[in-house]
Amino acid sequence: MSLQMITVSNNIALIQPGFSLMNFDGQVFFFGQKGWPKRSCPTGVFHFDVKHNHLKLKPTLFSKDSCYLPPLRYPATCIFRSSLESEKHQYIIHGGKTPNNELSDKIYVMSIAGKNSKKVTFRCTEKDLVGDVPEARYGHSIDVVYSRGKSIGVLFGGRSYIPSSQRTTEKWNSVADCLPHVFLVDFEFGCSTSYILPELQDGLSFHVSIARNDTIYILGGHSLANNTRPANLYRIKVDLPLGSPAVNCTVLPGGISVSSAILTQTNNDEFVIVGGYQLENQKRMVCNIVSFEDNKIEIREMETPDWTPDIKHSKIWFGSNMGNGTVLLGIPGDNKQATSDAFYFYMLKCAEDNVNEDQKTLTNSQTSTEDPGDSTPFEDSEEFCFSAEAYSFDGDDEFDTYNEDDEEDESETGYWITCCPTCDVDNNTWVPFYSTELNKPAMIYCSHGDGHWVHAQCMDLAEDTLIHLSEGSNKYYCNEHVKIARALQTPKRVLPLKKPPLKSLHKKGSGKIFTPAKKSFLRRLFD
């Protein structure tokens, strides 16, 4: 094992606890940054380019037929192949936290729509589920098993917000363990079925899961209800005959007590567990090898890498699996220095040789800290870009010019703001006021100066007016600035009065008779 520190370009602030890494044909892509995607990367997915121990995040593209993918933190992700022999694969993404600390219950499928020597274009589609739909959650696992030539997804564990009926102002964002149900999800037809297994008594989050053919192994995890990290080792076997699936669970000896660990695969039958926690504020510095032989699992300690003093003394660490036996680790920077980075990053290589891409065993782990984001909401930025056209980034630019300064200070923007002195929107007690608000207060952009967001209901805007102002490029000024704006408006154009053409003094046959005095006046007027 080798440990190397890597330097990061000036977009280091994007890498926060709860991110995910996806490996497509040896290329690693970053997903789940803090805040909404900005103009510098409308898609929110970055190419994770590491060369000579230096990391650059390069924005990627999505195809025109892609749905919007929010930057989710702590989702469950896994690799999906149509069959075990298939070389092409997709990534399944379920759940996770949105930038407003809301939980997602959606399933997204990420695949490559096209690529050339310079850039990759992704396609993202959303899958609708019917049946026993899993509730919104984070810190859970989703895996794919293969049986009798068929495949199906297996979802387990995680945390969710307490029911709305039990929420109070003090406990608005309190979370609880999800029920220990196992969900089988058919990605082709969008069907989901829930199973209750007597061996699974507690809901677990931030556990490690390994999918091997028709079997999933669940290791460790954290139970909020008991505040424990039991040394669990469960084997869940799924059989897919022509009729209904059969699911059974077996409790195995030899488990380990760990949560938030990172799992990486070093060869077809061997894995390495890195990092994690054995207590709430105590990191687990031991690494383990998980090996399989004749459908038997063995977990044993291995020689640990030469941890640096910074890693040893840090209270938290987080990271994700880069694939090919490599793990990215992050620790907090030195806050005593005014110019220090938020996090320092290391790359741990657990295997010198690359792993065979045609692997028949897939890995999954909920890599994070013990979710420090629970008490710190990540708010929306002022700019929104829900889709990106592929041609928007055509050219020879390799996207090395991302500028962190483009990201506004999110602590003063977003939905949960005081938009005016009389603002009465409270995120703890707010309920929808307009049908257009869905689950966020409706907002409108005031065009005065540099602009700012205000709540529509605080401005006494009717819903029809709100919809009208949201269309096209209409300018709107809030109550505070409307008088200033009116004074700056260009005066309306006044059409000149139409003067009737002068008629001839006397037109033959017109029947009009002019007196000599009027004739003399008209001659002097036109001479």
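Note that Cβ sites are derived from N, Cα and C of the backbone, with glycine treated the same way.
All annotation found in TrEMBL is predicted automatically rather than curated by experts.
In sequence order, Val425, Met443, His452, Trp453, Val454, His455, Cys458, Cys478 are the residues near Cys419 (Zn(2+) 1 binding site), counting only same-chain partners six or more apart with C-beta under 8 A. Feature annotation from TrEMBL assigns Zn(2+) 1 binding site to Cys419, Cys423, His455, Cys458.
For Cys446, His452, Cys478, His481, the entry in TrEMBL reads Zn(2+) 2 binding site.
Here TrEMBL flags 361-370 as compositional bias 'Polar residues'.
Annotated compositional bias 'Acidic residues' per TrEMBL: 371-380, in sequence order.
As annotated by TrEMBL, domain 'Recombination activating protein 2 PHD' applies to 414-491.
The region 'Disordered' annotation in TrEMBL covers 359-380.
Other residues of the chain with a Cβ within 8 Å of the Cβ centroid of Cys419, Cys423, His455, Cys458, the Zn(2+) 1 site, are Ile417, Thr418, Cys420, Thr422, Asp424, Val425, Pro441, Val454, Gln457, Met459. The separation of Cys423 (Zn(2+) 1 binding site) from His481 (Zn(2+) 2 binding site), Cα to Cα, is 15 Å. Confidence in the domain 'Recombination activating protein 2 PHD' (414-491), given as mean pLDDT, stands at 74. Shown in sequence order, Tyr445, Ser447, His448, Gly449, Gly451, Val454, Tyr476, Tyr477, Glu480 are the same-chain residues outside Cys446, His452, Cys478, His481 whose Cβ sits within 8 Å of the Cβ centre of the Zn(2+) 2 site.
Look at the binding-site residues Cys423, Cys446, Cys458, Cys478 and count other Cβ atoms within 10 Å of each Cβ; Cys423 has the fewest.
Between the CA atoms of Cys423 (Zn(2+) 1 binding site) and Cys446 (Zn(2+) 2 binding site) there is a gap of 15 Å, rounded to the nearest whole number.
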